[in-house]
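If you check TrEMBL, you get these features:
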| type | residues | note |
| --- | --- | --- |
| DOMAIN | A:4-82 | domain '2Fe-2S ferredoxin-type' |
| DOMAIN | A:167-197 | domain '4Fe-4S ferredoxin-type' |
| DOMAIN | A:210-239 | domain '4Fe-4S ferredoxin-type' |
| DOMAIN | A:248-304 | domain '4Fe-4S Mo/W bis-MGD-type' |
| REGION | A:312-333 | region 'Disordered' |
Amino acid sequence: MMQQSNSIIINGHTCLFEPGETILEVAQRYRIDIPTLCHLKGTTPTGACRICIVEMEGRKDLIASCTTPAAEGMVIRTESPKVISHRKTILELMLNSGNHNCAIGSSKEESWTDFQMKTLVNDQNEDLCPAWGDCELQNLAYRYQVKGRTTGEPQPAMMVPAERDNPFIIRDSTRCILCGRCVAACNQVQVNRAIDFGYRGSDSKIIAGTDDTLMGSDCVFCGECVQACPVGALVEKKAMGHGRPWETQKIRTTCPYCGVGCQQLLHVKDKKIVKVTGVEDGAPNMGRLCIKGRFGYDFIYSKERLLTPLIRGNAGNGNADEDNDGTGKKGKLRPATWDEALDLVAQKFTEIIENHGPDALAGVSCARSINEDSYQMQKLFRAVFKTNNIDHCART
Amino acid sequence: MFMVIGSNMTEAHPVASTFLKNAVQNGAGLIVVDPRKHKLVDFANLHLPLKVGSDIALLNGLMNVLITEDLYDHEFVERCCDDFEALKACAMTYPPERAAEISGIDAETIKKTARLLASVKPVMVCYTLGITEHTCGKNNVMSIANLQMLLGNMGVECGGVNPLRGQNNVQGACDMGALPNVFPGYQAVIDAKSREKFAKAWGVEKLPDKNGLMIPQMMDGLVDKKVRGFYIFGENLANTEPDIRKVEHELASAEFMVCQDIFENETTRFADVVFPAAAWSENDGTFTNSERRVSRVRTASPAPGYAQPNWWIFKQIAKRMGHNWKSDSAQEIWDNEISVLAPNLGGIKYLRIEKDGLQWPCPTEAHPGTPILHMEGRFTKGKGSFMAVEWTPPAEVPDEEYPFVLSTGRRLYHYHTRTQTGRCEGLNEVLGEETADISIADAKALDIAHNEMIKVYSRRGEVKVRARVTPEVPEGMVWMAFHFREGNANWLTNPAFDPNTLTAEYKACAVALAKI
Ligand code: SF4
Ligand code: SF4
Ligand code: SF4
C-alpha cells in the first residue's frame, strides 16, 4: 500500500501529522490512548515518567512518544507486549517508591491490613490517600494490573509528614512520583516560579523556594499545580472529605470576581459546590484560575447570608424610635415578608414620585451581578419610575 | 510587545497576567509604566516608575520623540486618523526634558522607550484603574489612544488599547445601560428615536428624555434633598467611595433607602428596607468580561431562606407599580429583550453560548463575534481622531503638612470590601488585615519598623494600620487597599472627580504618616 505523505502508522491506522507534532500529539488527535503521567499540555515535554513509551518498527529501544516528533513513515505500536511489560515495571517502581496506600498497594490480605495500619500511623492521616479513585497512577496500575509493594514495610520516604500549614493545598511528598507536572504548571503555565525540582539523585524532590513551605515561598495559591498533579501528592484541603469525583455533578460557569471572566467547572454534590477547577480548553482562561476563582466559592454558604427581607422597625408608620447606631436611622431592621417589604417600597417610591417628581429617585446597579439584573434595574428606573438616575460603579 | 500602564495585573487580573507572562517567556518585549515595582516588573525589559498622576506628561513626551525623530506610522496616521496637527502642536510642548521634570523619568529613558515602542509592531497597551481613577482619567485614556494611533497599533491582533475591567461584570453593566445617559446597547436617552424604540418595546407611552445623575451627583443630591429615594443594588458604597465620613453623612441623609444584597454590610446599616438576593451560582444568567465576551453563569445551589434572584425583585416592584413584565427567567430576559434591543448583542442567544461565550459586536445569529475592535483601522465613526490633551496634576498634591502621595488599589487575596472573599475559608488566613505599604527609605527616615502599627492621616480622616516596608513602593508614596473596614484607605481618599466621567481620584491624595 502506498503511504500518504506526512503520515505515520499507529497501531495499524494511518495518521496524518503536521510537521513538528509529536507522536503523542498525533495519537491524541486520533483518539488513540497513550498513557502519560508527566505530560502537561502547553508545556515543554520532559519525557520524565517514561510511561508514554511506544515501540517503533526498526528500532530496538522504546521511545518516549511525548518528546519524539512524528516523522514520515514511522510505524508505531502503543500497546505491544514489550511496551506493556516496560510500563508495568515503571508503575511498580512508582508504587513502591512512596506511600501509595490504596487498594493496589498489596496483594496479600494479611500484610495489607498491617501495611495500612503502619502507613496510617506514619503519615498522621486517618484516611486513605485522598486521591483514591481520582488518581492517574492508580488508574494505570489497574489498567496494567500492577500491584505495589508486597512486604508491608513502610520505606523511610513515607515517614515525612504532609505539609498542611496553609489553608488550601496539602503537599504530601510521600505520594509524589516526581513527574514534574506541578513544576511545569507553576513555571510555564502560571509563571509564578514558586516551586522547582530540588536536590539530586535519590534525594530529588519538589521544593518551594529554598525548600520552604508554600506559605513561606512565592506561592500565590493559584492551585494550578494541584489541578496538574496526577496523584495524591497535591490535594485541595477545602475539598477534602466533601465528595468523591464520581459523586459530583460538573457545572460550567463564569468566575464572579475580576473582569477576566474565567470559565470554571463547579464540582457540585447535593447542590453544594465542593470544589472548583478551570475548564480545560475553555476561552478565555484555558483551564487556568487564580486563588479567588479556585478557592473563593464558599461565601454563598456563609451563615451570615440575608435570608428574609428586612424592614426598619417603624419604616412606613413614622413612629420615632431611638437612633440605633449613629446612622441617623430610627429603629432596628426586622424580618418581614416579601409582600410587606415590596408593598412598602412600591408605596414609598410612588409617594416620592408624586410629591417630588421621578428625578427624586436614584439607583445604583451592581457591576458584580448578571447582565439580566442590571438590565432589569435600568428598565425599572426608566420605564416605571421615569427617571434616568441609574448608574453603577463603572468608575471604581 | 506589551506596554502595561497603571495596572498591577498579577494581582488584579491574575489569569490575564499569566498569558502575558507566557508571551514574555516566548520572547515578547514588555514595558511596565507604574510608580510601583510590582511583580510584573520582574519580567519587564523596561520599568518606568513615573510619579503618580504624571501619565499624560510622559505619554506626550513619548509622542514628542516619535514625531521629532520621525518614528511614527505615517501611513496609518494619514489613512485612518484626523487632527494630527493639533496633536503635534500639543506634543511639541512636551520635549523629553519637560516630560522628565514632571514624570521623574529621565529624558534619555523617555527617548529610549519611544524608540523601543517604534521598533516593534504590534504593541499592545493594557491599562486598568491606575489610568482611570484620576481627575484626568478620561484624558489619560485618550492620551494612550493617541500614542497607539501614532504608532499604527490600532485594529490589529495583539495591538490596541485594552482596558482590563476591574469587576467581573462592569462591562456588562455598561452594556445593559445601567448608566444615566444610555439605554442597553449604548443608545442615547436624549435621542428621540431610541426613546421611541424602547418605549414601544417596554409598552410605555414615553421615557425620560434627559440624562440622569451619576453616583457622586446622587450622593450630593441626598444631602440637598434633590434625591429622596435611593436604591442600592449590590454595592457597599460606605466602604468603596472616597472619604468614608462624607459618604456616611450622605447615606444618613437619604429619606428612604433600599438595599438589595446578599449580606448585611456597612451600607445596609442606613437602609429602610433590605431585600435578600440570590447570589452567584444561585441563579442563571450571563457575565460580560473585559474582552466583551458574554459567558454563561449557571445555578449550582438553591438560594438560602427567602432570597430571590435580583431580576425577580425588580419585576415585583414594577408589578406593584402597575407594570406587568412578561419575561420570567434570565434566559427570557436575555433572548427576548436584551439581544433584541441591543444591536451589538443581536446574535447572542443562550443556545449559542452553552460552551464558550461570544464577543460582541455580534449583530446576527450567523455572526461569529468580534474578538478585535477597529479592525484594520476602521474606527466605528470612520477615521479615528487624535485628541490632544494637556497634563494636569492630581487635585491634591503632597505639601509640607501631608508630604506623601497615597495611592490605592486591590490585592490578590481579597476582593473589594471582602463581602465575599472575607467569608471564604482560608482567604483571611493568607491576608488578614490591611497594611500601609511604604518604602524602605521612608521607613528609615521616620524610624518605622516593618509590621509596626502606624497612623496614616489625610485632610479627611485617619486610620491606624500596620506598616509593610517594601521595595515595591517608591520613596514618597504610601499604598493601601480598601478590603478591610479597619484601615480602609477610603477614610483618607479625596472625593475629587474627573469632570467628564466623575471617576474619583482614588490613585492620588496627600497623606502624612506618624508613629503611634
Ligand atoms: S499554587 Fe500556584 S503558585 Fe503555588 S506552587 Fe502551585 S502553581 Fe505554583
Ligand atoms: S507533586 Fe504531583 S505533579 Fe508534582 S512532581 Fe509530584 S506527582 Fe508530579
Ligand atoms: S479566576 Fe481569578 S483571574 Fe479568573 S476571573 Fe476569577 S478572579 Fe479573575
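Each residue, glycine too, has its Cβ placed from N, Cα and C.
Sequence-distant contacts of the domain '4Fe-4S ferredoxin-type' (A:167-197), counting only residues of its own chain at least 6 positions beyond either end whose CB sits under 8 Å from a CB of the stretch, comprise 37-40, 42-44, 46, 48-49, 94, 97-100, 123, 129-131, 137, 157-160, 204-209, 214, 217-238, 240, 288, 291, 295. Same-chain residues lying 6 or more positions outside the domain '4Fe-4S ferredoxin-type' (A:210-239) and placing a CB less than 8 Å from one of its CB atoms are 37, 40, 100, 129-132, 135-138, 163-177, 179, 181-186, 189-190, 192-195, 198, 267, 274-275, 277-278, 287-291, 294-295, 298. Confidence for the domain '4Fe-4S Mo/W bis-MGD-type' (A:248-304), expressed as mean pLDDT, is 90. Across the range of the domain '4Fe-4S ferredoxin-type' (A:210-239), the DSSP-based residue counts are 5 helix, 4 strand, 21 coil. Taken residue by residue, the domain '2Fe-2S ferredoxin-type' (A:4-82) breaks down under DSSP into 9 helix, 19 strand, 51 coil.
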